[in-house]
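Per TrEMBL, these features apply:
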type	residues	note
DOMAIN	414-556	domain 'GPI ethanolamine phosphate transferase 1 C-terminal'
TRANSMEM	427-447	transmembrane segment
TRANSMEM	459-478	transmembrane segment
TRANSMEM	484-504	transmembrane segment
TRANSMEM	516-534	transmembrane segment
TRANSMEM	540-558	transmembrane segment
DOMAIN	617-778	domain 'GPI ethanolamine phosphate transferase 1 C-terminal'
TRANSMEM	624-643	transmembrane segment
TRANSMEM	649-668	transmembrane segment
TRANSMEM	675-697	transmembrane segment
TRANSMEM	709-725	transmembrane segment
TRANSMEM	737-754	transmembrane segment
TRANSMEM	760-778	transmembrane segment
Amino acid sequence: MFIIFLFLGIFTHLLLLYSIFDIYYSSPIVKGGRNFKIIPSNSNNVLTPADRIVFFSADGLRASSFFDNPDVSPYIHSLIDGSKAVWGISESHVPTESRPGHVALFAGFYEDVSAVTRGWKHNPIPFDSTFNQSEFSFLWGSPDIINLFATNIPHSFSEFYSPELEDFASEEASKLDEWVFDKVEEFFNRAKQGNTKITKLLSIKRSIYFLHLLGLDTNGHGHKPNSKKYLENIKIVDKGIERIVNLFENYFNDKRTVYLFTSDHGMTDWGSHGDGTPDEVQTPFVAWGSGIAPTKTKINLTQVDIAPLQSALLGIAIPSNSFGIVPINLLGHLPDKYIFQSVYANFKQMSEQFLIRRAERRAHSFRFLFCEYPELSYEGLVKIENEIIRLAQLKRYEAAWKACIKLIPIIRSALNYFHRYNQFSQGLAICAIFCSWNLFLYASLIGKNSHLLLSSKQLYLPNEILFLILFITSTIIWANGWLLINYFYFLTPIYLFSISIKLLGNGEIFNLNKLFLIFVGLPFTVFSISLLVFVFFERFTLSLIFLLISPFWICKNIKNKQNFVKMKENDGIITNFKYSKHHNEFNSIRERQFRREQVFEEEEIFPTKFNVSNSVGDFNNNKWYWLILCILLSIFPLLDTVGNSQRPLLVIFAEFICCVFIFYLNYFKYFNQKLIVFIGILHLITFLIILFDYFELQLTTNNNLLKQLFAWINIPLSFILPLLWKQKIKTTKINLNIQLIIWSICLQLPFSLLSISHEALFLCLFSAFLNVYFQLELGKKILFFKKILLKRRGCLVF
């Protein structure tokens, strides 16, 4: 039966783990959607805003670094200052990585979260992009990004450098950008020299030229965004862009080229990206050339809007999976008819996704249970579309495109609604699995029939009622046509609840006294859970929780004192409550032995002789430590999110505290001295590394190599060293306390190396908080057993 119990536990946890990726990491891509071209390919007489797009993607360039340093990009800033371009901020999306960022720029949808299983390098599902819809595409740059789009596109030309050049520690990372500029110039020179094939390709209209510039991202990782190398790289990019613009203008000489300059993501001060801080999310956007309306004021747009902007400039179809909206305010003075054609194509493309997703959900739901999106039904969409077509037939194009622009955000919300349509019911099933598994564990420990857990096979077999419930649930899932995994989501909690009922016994389930206690405690439980949930939306709630629990042990101690006084009054002994170690000696050897057994050998925990005074004193000290630590921990949620600024002195201070604490542990005989000394040496080295980095001191020529080697060795050692500690005493409570301390100081090692601000100090305080909580729980039991001892004697001695 143990095998069944073990299998049930492993299966339940694997199911819970898989459910996260299955429910919340599903792809947003809608398959089977049609494309709606703004201008048909055979309409050669229709003049589009531009014939070609030159797209510069400065990978890893954040908005603040670009706009705050105009002197390192004089060419682009001359366009901005001379009102020859539209400029502003492009908002990217978490995760701020290269692959999701470029997918948003050219496909118009935010990251396919299912790509997390591939490290954000490749999209697991094929998707549409502006490269697909263009007549021809030219791509130069990094192999990871170029192959993401150029693969399986026959109407494209691509060149990329070898992966070996992408060295994140290279001192010449800007050469990656120079390689791109050189290759583009070399390509045009071949056309000038009479290469008819290239000349023919360059003559194709509605084409996209994509230049992926990885140097800034590489220098940002290796030298940080505020470094001289990073700013010099921006200057190289600026000169390269000026060089390419002159190349295109001289070759085509038709004023029909539009230039777009932006970035896939930003970067933090310490050279990382992936999160959602302003430095990582905000990227520069500059557009100039044919079809662009220059502006003197800064504009803001989302990254996914750049894909439909490209389509509107070239008159090609908007990518079928796009979530973006055509930013018509960026377009030049165009006829209302062309604006309507662009926006209507956007409207049709978004509606197509909505209708496909809605049909999928409707096909897998009972008709009478199917819920339409509250703000938009199928019939309402058809009526509005008919009205838009009628307005266009009357040549009231402005009214028609304004109606489209007003409706597109609603359609996008409806699309998100149907994408998450089953998440609520599946989420309830997962919550039921959590609850049923916890109930099962509870029942297996204290249930009336818990002795049958590992001995009775009948316990795990469904009875007639359970079998009927499982059959009805399976029939409903089958009738809805849901996937196989949904059977496990909905049947597992039913099965676990049935076993729990058997373990508890029917009498325990319907015990009125217990049900009453549960009912009374329910409001408090709901309030506590609501506070924890609210933490996800307002961080200050966590500070409130710490402040609320801070006086808990003080209040509890007052109650304990009242209990002692009550016992004293009942026995009719003393009127004042005063502790003195000289009057609390137990003379009886038997009582001493009983005391040592019942208080979990308290004298082994504290390096002092056991007596009532010490016990109560330690408990009183810990409750004040609890109060102080709660107040200190409540400060951290009120601080800025780690990432906005570096505070290395706090990291140094945290490591200094750890070193002092480890030195203090050497005086306790229950710690393995050799192990503690070794951990102390590691903390001392960590402290010196962080200190030297702060003051930029170099000890050896191979300083970076030694630091990297130490950092990588630290990670496995932090998990191995706590396992080397051998128990010196038999007391379980003391062993747990020592293990908690050792695990805390070991995990502080890699955490400090990865910290940049107050988070290292937080871990120190939180570890102390856990240790104090352990001591308080233990002290509560000690006082409880002392009360028993004193009661046995029939009086209290003060």
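Just so it is clear, glycine is given a Cβ too, placed from its N, Cα and C backbone atoms.
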| request: Could you pull out which residues elsewhere in the chain have a CB under 8 Å from any CB of the transmembrane segment (459-478), counting only those six or more residues past its ends? | output: 1, 4, 8, 449, 452-453, 486-487, 490-491, 494-495, 498-499, 502-503
| request: Please average pLDDT over the domain 'GPI ethanolamine phosphate transferase 1 C-terminal' (617-778) for the predicted structure. | output: 81
| query | Same-chain Cβ contacts of the transmembrane segment (427-447) under 8 Å, 6 or more residues past its ends? | reply | 12, 15-16, 19, 23, 453, 486, 489-490, 492-494, 496-497, 499-501, 503-505, 508
| query | What are the DSSP helix, strand and coil residue counts for the domain 'GPI ethanolamine phosphate transferase 1 C-terminal' (414-556)? | reply | 115 helix, 0 strand, 28 coil
